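A.B. asks: The structure under discussion is supplied below as structure tokens; questions concerning it will follow.
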């Protein structure tokens, strides 16, 4: 009890002397078991191949280039590689996962499947995709891409129906209509297989609206059927709109198995790529750094929408992105955020990263790691310390049990001694 009171007193004295230990706006790690996924702002290979080699192009400290803990590609993102022919095989593994990518698919690219489509739907898809990625990488160590083999018994081939600018959708694949079908009112199937990973993130997408072809309107209908378990996953078009709709995607987390892709109307779609999730781990929140352009280009907030506690911590700069290499590369604020990767930190929270694990001026919310157990609330004259009550409650219970044991032992020996005297 004396030690506890001394700890409380010392902590309050430290607080009164101004030891704030505030949360810092960085991404960091508990130890060396971490990994970063990124784009050009952390792509060391891209900088090496430029002439001259100018590391001001990156927000990442070049001291980390040889760490072996980075998977980044200039001009790309995990979402872009997942859906489109512009592909990079993001691959990495760690207990603590950090993401700093996403701006290579934003409203600036204005992607939509058809001329009457909607980029807003694709921003919605982006948010749903990253929600699944962040949630699952809080419980899995390893992320990579795998191809999904499929077998379609018809003669029709996949078609590039959904494209805009340089972006061509190839996941899921569209199977063209068979030549002997006069319209799109038909049912068609394809087998696909998932193997080699613990779980997979795969797309299930439909045109949610009335799709017009040759004066006829069609309602999209797509299903995946797990032939091993009998579980079926499906989407049907529910909107009556004829313009301004686009390819709505849901992102399913599926186990290994044999599947059947089924279309009851319009074109059959079948997944061709999947995020491969491997090696379950203890729950560890991921960290996400906002990925946005200079204000001269339009960005979105979908990674922020997807990154929610307790599974994700979001870090952002309070100012416009203004790079020193060019306006979109080498920003001081984001370089500062990534500087936390140069050192270990004991505690992570929604507010930021704590450098020390004793006392803080801010109580950590959604904390992870070895976090401060006390927050000092400074009044003008007297520091008042507020502590996490759980350790005190447990200590009180242990002290109470110890007192009871001592009393029982004393009574036992007193009775035993009295019995011996009586016998004598």
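Every residue, even glycine, has its Cβ placed from backbone N, Cα and C.
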A.B. asks: Select from 372-392, 393-413 the stretch of residues annotated by Swiss-Prot as transmembrane segment.
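C.D. replies: Per Swiss-Prot, the stretch marked transmembrane segment is 393-413.
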A.B. asks: For residue 197 (disulfide bond), what is the secondary structure by DSSP, using just helix, strand and coil?
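C.D. replies: DSSP assigns residue 197 (disulfide bond) to coil.
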A.B. asks: With DSSP as the reference, give the number of residues of the region 'Esterase domain 2' (267-379) in helix, strand and coil.
C.D. replies: 16 helix, 40 strand, 57 coil
A.B. asks: Through the lens of DSSP with three states only, how would you label residue 44 (disulfide bond)?
C.D. replies: helix
A.B. asks: Cβ atoms within 10 Å, counted per site: which of 44, 65, 162, 197, 371 has the most, among these disulfide-bonded residues?
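C.D. replies: Of 44, 65, 162, 197, 371, the one with the most crowded Cβ is 162.
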A.B. asks: Taking all residues of the region 'Esterase domain 2' (267-379) together, what is their mean pLDDT?
C.D. replies: 94
A.B. asks: Please report the distance from the Cα of residue 162 (disulfide bond) to the Cα of residue 205 (disulfide bond), rounded to the nearest angstrom.
C.D. replies: 12
